[in-house]
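Q: One structure, pasted below without further comment.
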Amino acid sequence: MELSDAYIASFISERDELLVEMENFAKQHHVPIMQLAGIESLNQLLRIQKPKAILEIGTAIGYSALRMAKALPDCQIVTIERDESRVQYAKEFIARSEAANSIQIIEGDALEVEMEKLPTTFDAVFIDAAKGQYMKFFEKYSPLVPSGGVLYIDNMYMHGLSNLDIKEVPRRKRTMIRNLKTFSDWIMSHPDYTSAFFPVGDGLLICLKR
Ligand code: SAH
Ligand code: MG
């Protein structure tokens, strides 16, 4: 049986004015920020993990970065976004928050960012960018994660598409879905990671490095 939305909503924490403004902005401008139940779960796992540094791929307007920064006041967050106007919005929103000093935004394509620009280790990496490229993001950034660190990967449901038979997936999205499937098969049998799928929000995959 499915849990009712009202029951799930009863566990969602209150957000301050700035966060609510960002949620409304995202809705209005069709920016795909993380769902509330997803971010609650991610944040609780992060509170348990207690990372000192997080790398986020896919800032959008800075919503999830700010949510993570609020959940972990002692953590430094580096976040990468390639869309210039989203970077501007993210900077403006974050400047208005109390977490401005703990979030660094890097503008650019995460697959092209020079590694020298980044700290050498991140105990947590949150991948939430172009869905067809998860394998590439993982291959590029997982070497920065030490043993015991975690990669969190959002949108494994692909808004329901990854659940469908490939013939039912719109043609222009098939490559993306095939890539996602290749990635999930690869990571689930990867000897260096213990991975688990959390069917919350749009589907969160959690890969613990051995
Ligand atoms: N994490 C955000 C939502 C991110 S939406 C939140 O929950 O609040 C995904 C974002 O990833 C988009 O803004 C898109 O522009 C960005 N993106 C996609 N591919 C990227 C890439 N290769 N490098 C950097 N950013 C990318
Ligand atoms: Mg997402």
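Even glycines carry a Cβ here, placed using N, Cα and C.
Residues or ranges marked as S-adenosyl-L-methionine binding site by TrEMBL: MET34, SER64, GLU81, ASP109, ALA110, ASP128. TrEMBL lists ASP128, ASP154, ASN155 with the feature Mg(2+) binding site.
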Q: Using Cα coordinates, what distance in whole Å links ASP128 (S-adenosyl-L-methionine binding site) and ASP154 (Mg(2+) binding site)?
A: 5
Q: Could you list, ordered by sequence, which of these binding-site residues: SER64, ASP109, ASN155, have a Cβ under 6 Å from ligand 1?
A: SER64, ASP109
Q: Where does ASP154 (Mg(2+) binding site) sit in DSSP terms: helix, strand, or coil?
A: coil
Q: Under 6 Å from ligand 2 by Cβ, which binding-site residues from MET34, SER64, ASP109, ALA110?
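A: Near the molecule: MET34.
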Q: Would you mind pulling the longest C-alpha to C-alpha span across MET34, SER64, GLU81, ASP109, ALA110, ASP128, which the record has binding S-adenosyl-L-methionine, in angstrom?
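A: The two farthest binding residues have Cα atoms 20 Å apart.
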Q: Check the Cα-Cα distances from ASN155 (Mg(2+) binding site) to the binding-site residues MET34, SER64, ASP109, ALA110 and tell me which is shortest.
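A: Nearest by Cα distance to ASN155 (Mg(2+) binding site): MET34.
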Q: Which residues in the same chain, at least 6 apart in sequence, have a Cβ under 8 Å from the Cβ of ASP109 (S-adenosyl-L-methionine binding site)?
A: ARG82
Q: In the same chain, outside ASP128, ASP154, ASN155, whose C-beta lies within 8 angstroms of the Cβ mean position for the Mg(2+) site?
A: MET34, GLY58, PHE126, ILE127, ALA129, LYS131, ILE153, MET156, ASP202, LEU204
Q: Which of the three DSSP-derived classes (helix, strand, coil) applies to GLU81 (S-adenosyl-L-methionine binding site)?
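A: In the DSSP reduction, GLU81 (S-adenosyl-L-methionine binding site) maps to strand.
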Q: Neighbour count, 10 Å Cβ-Cβ cut-off, for ALA110 (S-adenosyl-L-methionine binding site): what number do you get?
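A: Result for ALA110 (S-adenosyl-L-methionine binding site): 23 other Cβ atoms within 10 Å.
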Q: Using Cα coordinates, what distance in whole Å links GLU81 (S-adenosyl-L-methionine binding site) and ASP154 (Mg(2+) binding site)?
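A: Taking the Cα atoms only, GLU81 (S-adenosyl-L-methionine binding site) lies 16 Å from ASP154 (Mg(2+) binding site).
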Q: Using DSSP reduced to three states, classify SER64 (S-adenosyl-L-methionine binding site) as helix, strand or coil.
A: helix
Q: Work through the binding-site residues one by one (MET34, SER64, ALA110) and name whichever has its CA nearest to the CA of ASP154 (Mg(2+) binding site).
A: MET34
